[in-house]
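According to Swiss-Prot:
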DOMAIN    260-344  domain 'RCK C-terminal'
TRANSMEM  4-23  transmembrane segment
TRANSMEM  28-47  transmembrane segment
TRANSMEM  57-79  transmembrane segment
TRANSMEM  91-113  transmembrane segment
TRANSMEM  148-170  transmembrane segment
TRANSMEM  352-374  transmembrane segment
TRANSMEM  379-398  transmembrane segment
TRANSMEM  419-441  transmembrane segment
TRANSMEM  451-473  transmembrane segment
Amino acid sequence: MLDFLAANPLIALAVILAVGLAIGRISLFGVSLGAAAVLIVALVVSTLNPDIQIPAFVFQLGLAMFVYVIGISAGPAFFREFRSRGWKLTLFMITLLVSLTALAWVLIRAFGLGAGAGAGMFAGSLTSTPGMAAVVALMDPAQAGDPVIGYSLAYPGAVLGSILVAAVGAKLLKVNHTEDAREEGLVTEPLVWKGVRIGEGISGTIGDLPRLSGQQIIATRIVEDPHEHRLADPTLPIKPGMELVINGTVNAVDRAIAALGGECDTKIEDTELVYSRFTVSNPDIVGRTVAELDPVANGFMIARIRQGDTEIVPHRDTVLNYSDRVRVVAAPGRMGEVRRFLGDSEKALGDVNLLPFAIGLSLGLLLGAIPVPLPGDTTMYLGFGGGPIVAGLILGALNRTGPITWQLPFHANRTISTLGLALFLAGVGTSAGAGFRQALTDPQSFVYMGVGFAITVTSALVCAVVGMWLLKLKWDESMGVAAGATTNPAIISYLNDQTGTDLANRGYATVYPTAMIGKILACQVLFLLL
């Protein structure tokens, strides 16, 4: 059977994906490996028969797809967060890499490990394929295999070590993933509506209500009388005694009512306005903000937006994306026009336009291929991991360029992300298996494995301690930073599967570009110091 798989790489890839994804769904003590199990299956299969190899372009394409989609999704939050605290995480990542390089130098010297294999082991402990390649570029061709062996020995422990820290730490600290995400504003409370009567001394426009109340709310209706409502145009002035219907979380609405005046008894049934939900599928409005769409001018108000599993109160800068579910308020006679304006077509969502994805991925790969000169007549490349995520972050933040919408529908985003990750893990697992099997015959191989594992665990623990107690991050975001330090998709995939929130993704995307470039430099510096 193994010889058959070795002779048929495509079938081998399919089998590894099927078995790995099946094992990844098995939960043991509340923990499942998810897509990371594909790596283990690939490593085991190729260790049993080193001739089982997936072509390199398969995992290169998979990694590029995965990190590009991560970048697209995290782009808007990345630049917003960087202005507030992202620079702190970037500075921490630089300090961490310098410290880990020093630790690796001490351990390699203490255990008498070879310079090439030791630098490769360091790259493997941080799962940096570009870092390992950069070390190979500095070496004599006759010894170029040493970093590859060191990398292969440390790589499996690097993946499992970070996952182990994340799993054990979450259990010991009794982490409530949902509550942590809620406190960070990534999980919203159920939204409600109530009537508010504006009190004396409150002045401004309806659009000023969030600022005046200090709460994230939106007014959707002006109550003229119990049976006559009209749309709450944000430009209209407010005045004492005006009655409005506002939307928001329970706490936000109650606090807003207390700040603006008092609650009034209001009913939304049997009025001249009704509400309905539509799905955004019109490519002409995707990637545009609520302010750009000017819904009031089109005869409706957007009361709520459901993005994935999260329902939010929109503001003027909220961007509409494919597959968002929008709750609108409008006159009954205008609902058909509103439906056409938003799209509301499941067929349109199924016909995913992959042209923007292909353009963005191509730009990322081209960016990764640009040589960056370094001291010592060496050259650095962002590669097929760094280039696409940088391009994704930029394009994701732009949302839209002319007629091109960079964002993908939610389900397409998740599908491409999972497929890319699985392809990467299957390919890199089989490529490491051959060297792994050969190296296991040498007792010193276990020293390389142990030292690499120690560096990985140290990195994750430092991220946890500094992240939670110094940078005041939640556990999941700290582990996202740890995953970003290793730039390993398997770890972030595990975190996403276990937490069900975007906290880990936020930390991962913030530090990924710095870690990607920093590790290449760190591996080269370590080799030169040895």
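Glycine residues also receive a Cβ, built from the backbone N, Cα and C atoms like all the rest.
According to DSSP, the secondary structure content of the domain 'RCK C-terminal' (260-344) in residues is 20 helix, 31 strand, 34 coil.
Long-range contacts of the transmembrane segment (91-113) within the same chain, counting only residues at least 6 positions beyond its ends with a Cβ under 8 Å from a Cβ of the stretch, are 121-122, 125-126, 150, 444, 447-448, 451, 454-455, 458-459, 462-463, 466-467, 471, 481, 484-485, 511, 514-515, 518-519, 522, 525-526, 529-530.
In the predicted model, the domain 'RCK C-terminal' (260-344) shows an average pLDDT of 84.
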